[in-house]
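For reference, the structure is listed below as structure tokens.
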């Protein structure tokens, strides 16, 4: 029998990737992690809400509480024929670990766990507490995942001091970028009402597309704010428009428009909603609109977590990391409102959600070292 020569982090990453945990499935990933965390002295709580599996694991009862946050679910693989290797059969080719979830984010989960095991072995009497908040519903509707766990913790007044989310934050090399905040996200589902009719008799109909076009143009041209030193200006984007029956001789009776704001801390969701409604009303539209609040903006400024992260990355990689707030949303948006400082640090994100997703094996080793150094910087003072 050949001996497994994989490093601890590579071996665990392979084990996690081999489990087909497409949202909201977990497929035993959390149990695998829980068994090892229990051996390291963690108290394990499984929190299952509807179709979602969550894990809250904690070692220690004192503050401050350092929490690794992440997800075991992955996005669907897409066209299997375009994968060079089977997506759930992890393999290393030229120092790259291939498989769905390698970068987003089973590689990070493996690095978190191995770093924690090493840290506890060195410092069994560390300060404060270490926790893991892991969900199988980050890539999906995010209804029964991290947000429900946070609600549970808040209800019993269990507070997180610092949270490191393992999202793939790096762009060109490991640690070149960390996310110390995220923009808010607000979605509007607008239905503009008209009167269906024959295109040859427009006076007997009311075309909602024609009515809505000037308002949509104004919304698209609007400057919502100027941003600030931490956030770019708020962005309004139309994501989907649907109107008509598919026939060239029918004026539609309604127009459906889906749009999204990614907004800075210079505005609130309430301000954006008010301004949108004012524009729609000014154009005399008859409409219905539903709003979906996807997350508030948050920012972790200079403080213990950001400083510990910067120092760890510099020590391990030699890189002076660049804190940014760009990109999409993450589960950090559910943790930050509790008052916790939140940072995202993970592998290079070049292949996430793509076919042939992969991560450098050497980056997983460096990421493990970074996570361990962050623990030392915060809990060994």
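Placed from the backbone N, Cα and C atoms, the Cβ positions cover glycine too.
Keep in mind the model is a prediction, meaning the values are calculated, not measured.
Look at Swiss-Prot and you will find 71, 104, 167 tagged as Zn(2+) 1 binding site. The C-beta environment of residue 71 (Zn(2+) 1 binding site), restricted to residues of the same chain at least 6 apart in sequence and closer than 8 Å, consists of 105, 134, 135, 136, 137, 138, 139, 145, 146, 331. In the three-state DSSP scheme, residue 71 (Zn(2+) 1 binding site) falls into the strand class.
Under the heading active site, Swiss-Prot lists 73. In sequence order, 21, 22, 23, 24, 25, 26, 135, 136, 137, 138, 139, 140 are the residues near residue 73 (active site), counting only same-chain partners six or more apart with C-beta under 8 A.
DSSP assigns residue 353 (Zn(2+) 2 binding site) to coil, not to a helix or a strand. For residue 353 (Zn(2+) 2 binding site), the same-chain residues lying six or more positions away in sequence with a CB closer than 8 A to its CB are 75, 104. The feature Zn(2+) 2 binding site is assigned by Swiss-Prot to 104, 139, 353, with sequence analysis given as support.
Residue 138 (active site, proton acceptor) has a Cβ environment of 27 other Cβ atoms inside 10 Å. Per Swiss-Prot, active site, proton acceptor is recorded for 138, and the stated evidence type is sequence analysis.
When secondary structure is read from DSSP and collapsed to three states, residue 167 (Zn(2+) 1 binding site) falls in the coil class. Under 8 Å, Cβ to Cβ, and six or more positions away along its own chain, residue 167 (Zn(2+) 1 binding site) finds 70, 104, 105, 108, 179, 330, 332, 344, 346. Candidate binding-site residues: 104, 139. Fewest other C-beta atoms within 10 angstroms, 139. Compute the center of the Cβ atoms of 104, 139, 353, which mark the site for Zn(2+) 2; besides them, the chain residues with Cβ within 8 Å of that center are 74, 75, 101, 105, 352.
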